[in-house]
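Comments concern the structure below.
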């Protein structure tokens with residue numbers, strides 16, 4: 001059983017398990033300088049990720065393409081909302097340059113929502129994948145895409161470029177969508193993930209949710225069932241952390257042993273991989289997890 005030692009957020013003090021070291025290493029600085037010199041955005045900075053110090057010190061970064069202005073206004077997200085800039089046609093080349101210079105074995109590419117573009121930015125994702133494949137053929141590629149709501153088959157443009165991992169986050173339970181993710185539709189996100197798997201079963205599919213927003217345990221388990229019905233391979237579960245006072249409140253800080261409980265249940269439901277901890281984020285340890293995913297698939301085949 002999981003503990004009842006969950007901490008209500010009204011205390012406004014983060015528990016010890018959510019405290020991380022400030023980023024000061026030389027490796028962090030060199031990663032930061034390279035990303036700035038190539039004029040790339042990262043979700044690490046834009047979304048105020050708590051793991052930025054650890055990841056950048058290991059030369060891991062999640063690049064955010066298609067600008068830094070989002071057309072949505074999700075209640076949990078730190079990315080700016082407004083009218084986006086024009087698509088930078090040279091960005092795929094600069095991204096491939098960064099991958100090559102950092103010597104990345106695994107790269108994660110995400111983006112803001114671009115409801116203003118006819119395909120939601122899907123063709124730009126595909127160009128980024130193509131450029132990286134040409135210049136760094138041994139690098140595995142993971143995409144974390146928007147939901148491409150009302151962009152018919154836009155996901156297929158990305159899938160045809162054959163990323164190794166296709167990630168799209170479900171983010172929260174259905175009952176909280178209007179409050180947390182009002183511009184999205186739960187079943188649209190589920191369908192996207194399922195369609196990718198139907199299109200090419202060799203592409204690993206991945207999704208994640210945040211907890212601590214007011215969901216119940218039963219609702220979290222139901223999301224697991226829905227994702228397994230969509231044949232999702234990899235589930236991530238992490239604590240929601242409020243980026244600023246203008247964002248939705250944290251309902252509670254979920255104790256580490258409750259995350260352990262979720263991980264055990266998710267594994268029993270058939271996910272190939274599960275990462276569940278207070279500081280888990282979609283791209284956290286993504287390269288290591290990809291290698292484990294490949295091993296797990298081989299074991300299942302054998």
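Note that Cβ sites are derived from N, Cα and C of the backbone, with glycine treated the same way.
Just so it is clear, the model here is predicted, and its values are computed rather than measured.
Lifted from Swiss-Prot, the feature list:
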- 44, 49, 55, 283: [4Fe-4S] cluster 1 binding site (BINDING)
- 56-272: domain 'Radical SAM core' (DOMAIN)
- 70, 74, 77: [4Fe-4S] cluster 2 binding site (BINDING)
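Here the features listed in Swiss-Prot are painted onto the structure.
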| residue | record | Cβ within 10 Å |
| --- | --- | --- |
| 70 | [4Fe-4S] cluster 2 binding site | 23 |
| 74 | [4Fe-4S] cluster 2 binding site | 19 |
| 77 | [4Fe-4S] cluster 2 binding site | 22 |
| 283 | [4Fe-4S] cluster 1 binding site | 28 |
> Can you check what DSSP calls residue 70 ([4Fe-4S] cluster 2 binding site), collapsed to helix, strand or coil?
Replying inline: strand
> From the centroid of the CB atoms of 70, 74, 77, the recorded [4Fe-4S] cluster 2 site, which same-chain residues not already listed sit within 8 A by their CB, in sequence order?
Replying inline: 72, 73, 76, 78, 79, 81, 112, 113
> Any idea what the Cα distance is from residue 70 ([4Fe-4S] cluster 2 binding site) over to residue 283 ([4Fe-4S] cluster 1 binding site), rounded to a whole Å?
Replying inline: 19
> Hey, how far is residue 283 ([4Fe-4S] cluster 1 binding site) from residue 77 ([4Fe-4S] cluster 2 binding site), Cα to Cα, in Å?
Replying inline: 16
